[in-house]
């Protein structure tokens, strides 16, 4: 497969919103119209359907993992693998199928990290779990994991290109949480289980 086609395919895969599709399949409201307005697993969970949230999480993570893993499996150049990783993540943030209005990228970023290194993904996930357990703020948990991920990548990944990608994904994820950052600072952010 042509490298450019691989990158484009990764973007299109990233543009598929499992939060929207799963919610529709379960007869739930469009997650963009309720709660935080984010079509991610945490907001789908606010509907009360744990299975729907789990499927959203797995779908969004899998679409981040699959194209990167395939690019590595077919021994594409590291530079191409990096572009594939960025493309699938941008597809989730700015999906062509939903007028370029997507999610915040937490699960998809985790999928990319998993393809790079299971240990890296595990450390990022552990960071999220610890902060969420202590604070009940999924946004703060995501921001903490994003802030720590480049450091983990620096220690674990041998390819500088992959480290740069993790840094870029972390910056984009933090940027997508800018409204949450403002709410955290002024005390108006709703913890999980409370209305946004």
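Along the chain as shown, residues are numbered 1 onward.
Positions of Cβ are set from backbone N, Cα and C atoms, glycine also.
It should be emphasised that the depicted structure is a prediction, and the values quoted were computed from it without experimental measurement.
Under the heading transmembrane segment, Swiss-Prot lists 3-23 (among others). Same-chain neighbours of the transmembrane segment (3-23): 29-32, 38-41, 43-44, 47, 52, 55-56, 58-60, 63-64, 66-68, 70-71, 76-77, 80, 83-85, 87-92, 95-98, 102-103, 108, counting only residues six or more beyond its ends whose CB sits under 8 Å from a CB of the stretch.
Swiss-Prot lists 78-98 (among others) with the feature transmembrane segment. Under 8 Å from some Cβ of the transmembrane segment (78-98) lie the Cβ atoms of residues 3, 6-8, 10-17, 20, 60, 63-64, 67-68, 71-72, 104-105, 108-109, 112, 115-116, 159, 161-162, 164-165, 168-169, 172, 176, all in the same chain and six or more residues away from its ends.
Beyond the transmembrane segment (112-132), the same-chain residues lying 6 or more positions past its ends with a Cβ under 8 Å from any Cβ of the stretch are 61, 64-65, 68-69, 72, 85, 88-89, 106, 138, 140-142, 144-145, 148-149, 152-153, 156-157, 162, 165-166, 169, 192. According to Swiss-Prot, the transmembrane segment annotation covers 112-132 (among others).
Beyond its flanks by at least six residues, the transmembrane segment (154-174) meets 78-79, 81-82, 85-86, 89-90, 93, 104-106, 109, 112-113, 116-117, 119-120, 123, 142-143, 146-147, 181 of its own chain at Cβ-Cβ distances under 8 Å. According to Swiss-Prot, the transmembrane segment annotation covers 154-174 (among others), on the basis of sequence analysis.
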